[in-house]
Amino acid sequence: MMGEDKNNILIFIGALLFSAFLIFLALFIGSSQINPADILSYIFNSSSVSASAAIIIGEIRLPRIILAFIVGAGLAVAGAVFQAIIRNPMVDPYIIGISAGAGTGVMLALFLGVEIAIFNLNSLPAFAFLGAVITVFTVYQLARVGNKLPVLTFLLAGVAVSFILNSMMSFLMVLRTENLQQLVYWLMGSLAGSAWGDIKMILPYFLTAFAVILFYLKDLNILLLGEESARHLGLNVERTKIILLGAASLLTASVVSVSGSIGFIGLVVPHIARMIIGPDHRRLIPLAALFGASFLLLADTAARTIMAPMELPVGIITAFAGGPYFIYLLRNKSKNIW
Amino acid sequence: MKIMLRTDKIKFSYAAEEILKGIDLEIEAGSFIGIIGPNASGKSTLLKNISSSLKSDSGTVYLDSKLLNDYSSIELARKMAVVPQNTEVNFNFNVYDIIMMGRHPYQKRWSGVNKKDKKIVKEVMEVTDTLKLRSKSINELSGGERQRVIIARALAQKPDVLLLDEPTSSLDINYQGEIYDLLNYLNQELNLTIITVSHDLNLTAQYCEELILLKEGRIFAAGPAEEVLTEENIRQVYKAEVLIKTNPLSDRPFITLVPEVNKFNRKTEKKDFKIHIIAGGGTAKKFIYKLENLGYQLSIGVLNIGDADWQAAKELGIEIVEAPPFIDISKAEIKQNKKLIEKADLIILSDLPFGHGNLANLEILLDYPDKAKILFSNLKIKKRDYIKGKAEKIWNKLLEEDENILLLDDKSRLTSEIKKLEN
């Protein structure tokens, strides 16, 4: 047991160091050449840097890195939570249509022009949350057969609902043609144009959802035993499920409202984290958050540099990585994939 | 005695179908109860109503004199643990973590594992012999090991009542005994109230103090195994013919299914060849099953009531001339036997022993010199003669005078010899 704990600590230290390295790397890489010395001096003492370099680093690269971190962590954690509740590693917010639901919420808000701030809170993530929750509920009801939730019908219901929502989004997009390219990029999942304002907008929602999930880590483990067993162990299964589904939806919604639908992070990352640290959510969720953050940061850095000065939507890159992984999981479903 | 669990007229329906039609139970603390019954009799549903997995449509359940519905889920988990039918866990938690989850009803959200949790988990691992599995993944275990781990997790809840739904249905026979031995130990030593649901009548009868037999959502019989498991009850509830013996090791009833060899054989035409068998003392039971299956029309007599051959013939529904045991065969019975012999194409005389009571069964052959006969001769007549040579004398006379006799040394050739005669 002691040896195992030590191992786990090493894993976390490794993951943290890797994330720090990636952040550092991402600061240096970009379409505009900046003297690395400037970057270093910006980090340690921002006064001695040229104004243009300071703007690129402080107002473009840094918020984007932080946002990639938040979005990646959010999607990975949401994926891990959905997987535990559905008790299947094949689901993530993108596949079961929750990202599309959140996206549709955002589109509707933009289309109707109801971008109102209440108590300093931007309401865009709230619309995304509404869309996500309605979608989760719909997919869940569609997929349920009696008391059971067969994974196949769940996936199919998710795909079907995604289709409908995606065409709704396309329709709204066609109606609102003025900034089409920006919307298309958003739709494909992109962190382009991230600003401190985006971070400020989603942070309250993100932190709330994240805190709720951290509060219920033990319950996630119990849920994995199956609902009947969980009930016999004294867990209020229905309430726990609703709270956790709500929190994971809010998490998804908050990140989708700034980044659009970035797929497969919620699928791939929890799975890899589980292979490394095991199924216990008290360790899995923090590690999945770190991995998800690193993964998206890496993908986003690639997205903005591969074809510089042009930028790819990062969703394309994550889908290229995640799609094959999904197929691999499908083919291996008879084996132990948890 | 304290009543641990009481149900009062509980009813439960799935959709339109009423599964439980008013169940009244009273289970004492520290008892070991087995709920049995055929498929769809409602036994698993009853267990789920008791464990609060399903809410009864009407009626009430009291656990330790308190209404089941008044328990919070945490309180209930501390009082009652359940081992469900499907215990498959398809992710690789290790055994220790799985068992520690049994402490969930006692742990606060943020507090870690405390000393008491550790102590209790260690205890239940010792009791269930799962200590050596502690760092194995639950997926690597055999069915029996996994079941012990799940029972250990249930014990970690420190319950007063343990409910198990088909605890051995997917296990090999060695593990079945192991699980019930463990339950027996828990019941005896820890005074745990145990209720199992099982379709294995023999295992349940072996281990459970009292049985509850369900039929179509009602209690058909309840009480000690020997009162509940009677041939008549099984016939009525399961529509099956069984023999009930007593297991000499445990003094509990033991059930054997009576084969109904002709149940699926009705289409095969009965042969137009009648055989009359003279036997007794179990000398015929082996070959009459076979002959019956081959479609011969059989009759047998005279047999003592209760004799092993008589039982076999009864089970097969063969025409029998029967006589009360311990007295000589009477004139009336001989007459009846003659009637059957007259109709027969062949007479078989098994290697039965002769005494006063059944000498008539041998003598009768003298009256039918023209009938084909097969006499078993693997045992010398001298050895089977318990009336000072009388039987031997008749035997020898038969062999001298009768030309239609086939002596059969090798019983395994019986059917081939009959086939020859048939043609």
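A Cβ is built for glycine as well, from the same backbone N, Cα and C atoms used for every other residue.
Summarising the annotation, TrEMBL assigns transmembrane segment to A:9-33 (among others).
Annotated transmembrane segment per TrEMBL: A:39-58 (among others), in sequence order.
Sequence annotations record features per position, and here TrEMBL assigns transmembrane segment to A:65-86 (among others). Within its own chain, the transmembrane segment (A:65-86) is flanked in space by residues 19, 23, 26-27, 92-94, 96, 98, 149, 151, 154, 191, 194, 198-199, 202-203, 206, 209-210, 213, 220, 223-224, 241, 244-245, 247-249, 251-252, 254-255, 258-259, 262, 265-267, 269-270, 273, 281, 284-285, 288-297, 300, 314, which lie at least six positions past its ends and keep a Cβ under 8 Å from the stretch.
Among the features that TrEMBL reports, transmembrane segment is placed at A:92-112 (among others).
Feature annotation from TrEMBL assigns transmembrane segment to A:124-143 (among others).
Within the chain, the transmembrane segment (A:149-175) has long-range Cβ neighbours (under 8 A, six or more residues past its boundaries) at 86, 88, 90-91, 95-97, 100-101, 103-104, 107-108, 111, 131, 135, 138-140, 142-143, 183-184, 187. Feature annotation from TrEMBL assigns transmembrane segment to A:149-175 (among others).
Here TrEMBL flags A:195-217 (among others) as transmembrane segment. Below 8 angstroms of C-beta separation, residues 59, 63, 66-67, 70, 74, 77, 81, 121-122, 124-126, 129, 240, 243-244, 246-248, 250-251, 253-255, 257-258, 281-282, 285 of the same chain, each at least six residues beyond the ends of the transmembrane segment (A:195-217), sit close to that stretch.
Summarising the annotation, TrEMBL assigns transmembrane segment to A:242-272 (among others).
Per TrEMBL, transmembrane segment is recorded for A:284-306 (among others).
If you look up TrEMBL, you'll see A:312-330 (among others) marked as transmembrane segment. Sequence-distant contacts of the transmembrane segment (A:312-330) (same chain, at least 6 residues past either end, Cβ-Cβ under 8 Å): 68, 89-90, 95, 185, 188-192, 259-265, 267-268, 271, 295-296, 299-300, 302-304, 306, 337.
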Per Cβ pairs under 8 Å, the stretch of A:9-33, A:242-272, A:284-306 packing most closely against the transmembrane segment (A:92-112): A:242-272
